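Annotation source TrEMBL lists disulfide bond at Cys57-Cys72. Sequence annotations record features per position, and here TrEMBL assigns domain 'P-type' to 46-89, 93-138. Residues annotated as transmembrane segment in TrEMBL: 7-25.
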Amino acid sequence: MIFVLFIALNVFSAFLLLPWIWIPWNHEKNPLLTLKNDNLINDSIDICSISDVKYDCGYFGITKEQCEARFCCWRPSENPEDKWCFYKRGDSYSCNIDPATRVDCGYLGIQKDECVNKLNCCWNPTDVIGGNYCYYKTQPCKGYKVVNTKKRNNDRVLIADLELNGIGCGLYGHDSKHLKLLVEYETEDRLHVKIYDPKERRFEIPEEIVPVSGLESITDDILYNFLYNENQFTFSVARADTGEKIIDTDVPGMNTLIFEDQYMEISFKLPQDPFIYGLGEVVDTFRRNPRGTFQTIWNRDAATPVAENGYGAQPFYLEMRNGTAHGVFLRNSNGMDVTITPGNVAKLNWKVIGGIFDFYIFLGPTPSDVIAQYTKVVGRPSLPPYWALGYHQCRWGYNNVKALEKVVSEFKSQNIPLETIWTDIDYMQDFKDFTWDSENFSRHEIGNFVKKLHENEQHYVVIVDPGIKIEAGYYPYEDGINKNVFIKNSKGENIVGRVWPGLTVFPDWFNENIIYYWGDLYEKWLKNVAVDGIWIDMNEVSSWCRGECVIDEKANVIQQNINDQNITINTRHHDLNNPPYKINNGGVRLPLDEKTLSMDAVHSNGFLEYDVHNLYGHMESMITYNILSKRIRKGKRPFIITRSSFAGTGKYAGHWTGDNWSNWDHLYFSIPGLLNFQLFGIPLVGADICGFVGRTTEELCLRWMQLGSFYPFMRNHNGLLEPSQEPYLWPSVAKISRKFLKIRYSLLSYYYTLFYESNLKGLTVWRPLFFEFPSSKHTYIIDKQFMIGSGLLLSPVLYKKTNNIKALIPPGLWYDFYEEKLSFNITNLNGKFVDLYAPLEVLPIFIRGGFILPMQYPELTTAATKRNNYYLMIALDENEYAKGTLYLDDGESIDVGKNFTYLTFMVNNNTLTSQCDLDLYKKGFEKGKEKDTNINNNDLYNECENNYNLITKLDKIIIMGILKNQPIIKKILLNDNEIFHHHHKWIINNNFKKLILSNLDLNLNQSWNLTWEF
């Protein structure tokens, strides 16, 4: 039987406008059901204890670990007749197992005879990528059934009891006997589905760390319906307009729902050949491989291996289906494997080793809508300081202040823009946090260096690692001991790790005193050294021991603690470092404590590292943002770049993609990597230009400087032992860098406006092509091209010794950025693949018809550029229409109040209009959906006196696509007054269909219109 939670629209009472208050359900008896309330007890089922008949599951000499890996019971006995390893009670074990859930029984290269006859396992070759040929038998799980339901808040909330069907399956532990289902229609486009054990305390992310949303007032039609099957319990989410099920957990051949001590599983049915994006952090193609994706989500210090878990944890994906988009966020910080596998039914499978199922489902229907809906829950990205959009230069190996001075001087002499110089751990005394090397980076010397940078309107950023060296007399260590702010081991002692300075302890971000401890250290350290930004690294958290480091005092050496440590908080837990289900950490199911802390490490509120490991870098970003904004650079926007991240980190920090490699593959991988973080709500992201690991080449660095000039966050960085790769070292790279950095700096106001709209509405800065062209299925597979905002299309060269590239040009008019002329008029709705000529000095850039780019004349710094006049590049569409926006403020204040300017430029009916108003945004845009573009002038102020006062003027306008049907322009009017040639210069290019107006001196502090008459 199928039940539908259906919402009758437009029947909500006034009380829905009130804040929703959660009232715990008291399990009132449903008279239609026979289950008694007193059966709801806090217990779980151990199938092995009730398995009376013991059928042999193993082979002679099998161990406990090998037995349990077969999903069998292990019960040693002194009776020689007893089977120590036997099948669990219940349905028969089977080899008919979907490739998505097969557990490897063999090894690479194992043959059928050994698999079947010696190991007593199943053999079934598959073409699914990552699918095992030799695997263990398992028994099917029957899941749960619905036994009680209740609706609240005008049917916007459904609460149900779920009871285990039969005795459970005990796949990796004890099954929870009773679960609670909570379904909330939070908004018209967001659904919340939560499944948890009401009687067992399991970890949930505190809402102070990742926000929890709730019911909001609904004014538009709801886009979805929630449906469920009562027995076995499965659920689906269907679009209200089409009935299409975008989420469906009733997947043939898969377990419906498993909820055990340290293992949960659920699957979503997918269409054949699904288009799914996200789930990370990962180095891979942008679209997740439909033939087999095995994504482990577990923060890990690893130098960007392909298709493995990386630095950050992002349990969010976006799917394109039939031209519309939806997204799914699992609000869970525990380790997990997420797989996408084909078959008779394609499916996405979640295997999670802790916490609860807490899903947020976003209905879009456009891709941009999905990201706006997602970031509304986890937090909108912060608006970076204006200077952060300039060019950054870094390397590990700038080993003294003189080296920094030389680099800065060389950039200036080569006339290459340099906004910010960075220092890696070289500045530290013996690699210790919050110190300055007394010989190479003395406080006085570095302080004067930073002062000179600021005089030249340049900036300085340094690195901070979380590990604090264990050293008597070292103030950060002594003060941390006194304040008791370090993470503990299972014995209550400070857990010991090892990173650059040697043996270390680690700050506990959950500790109530941490904000004072960490803030005091920053304040004392940065006294008289006005650092502009902080780069936080090694915060997965990384440690070079496996688990805890211990000291052999006799030998005075560091050893690796490989002793298993079972926690005593919950005796039902297995070893936390090696739980029953082993996620595919590192692609080879490494222990969870590989290169990090032991999972039984305890935080000050009792949280286990097992549960909060993936939150460490995110929380450091939060803490650092708080300290910088309130104590170090009061009221000014912090600039923070973090290596590790979680959902919502973009609210506090940007990200770089870590230790990439100096090769052409990683030049390409930078594009899907950056596009992924646009999905994750962290738009300020970049990759190390020219690569971090390995020796770059002149051609590679040239092409990388081209592409990197358009990264949202642009930094050249490389490793300690690698040759220098500053762009001025090769004449060819220096020339290209000057050219493309000029383009970047001319586009700074365009970028800044995109970041503002990201902060306000959750829009992305970089965009995959399908964000702008969701009806073109060709765009779904493109990850070697990208959009900047809605107006620019870039098609970089990603292969060596290549001058020609094949690129997709989407439908519409497209103008060459360099020559300012029409290049393509694509009428095919799927777009057209074309060959583009791209010699070393060219990266193909096209302006999309219908868009206006606000630009400025570039200088060597962002501040100098910002003082220059503006000009507009206008690309008309087929209807001779175009629109663009420009946002400006002081570039650094967190709260600008009304001291900002938000302009809309629009061309319609042969008139260019500039409109400015504090309320324009509210009038023109709501909830990420653009309203009618014909805004009534009566609703606008003519003056922008209360806004950010722009001293600079608009002095040139370039209109492309004009004169399509007319031979000549007879007259040009500004606010109904004719513009004459002796006052203003204007040029008509009939061949390029272009009008250029210069010497305009137009005021951007007031509204105006410019009309041309034929």
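Heads up, residue numbers simply count up from 1 along the chain you see.
Placed from the backbone N, Cα and C atoms, the Cβ positions cover glycine too.
Away from its own ends, the domain 'P-type' (46-89) comes close to residues 103, 105, 118-120, 136-139, 167-172, 174-175, 580 of its chain (Cβ-Cβ under 8 Å, at least six residues beyond either end). Break the domain 'P-type' (46-89) down by DSSP state and the numbers are 10 helix, 5 strand, 29 coil. All protein chains included, Cys72 (disulfide bond) registers 28 other Cβ atoms within 10 Å of its own Cβ.
Restricting the average to the domain 'P-type' (46-89) gives a pLDDT of 78. Per DSSP, the domain 'P-type' (93-138) is made up of 10 helix, 7 strand, 29 coil.
When Cβ atoms from all protein chains are considered, those within 10 Å of Cys57 (disulfide bond) total 23, not counting its own.
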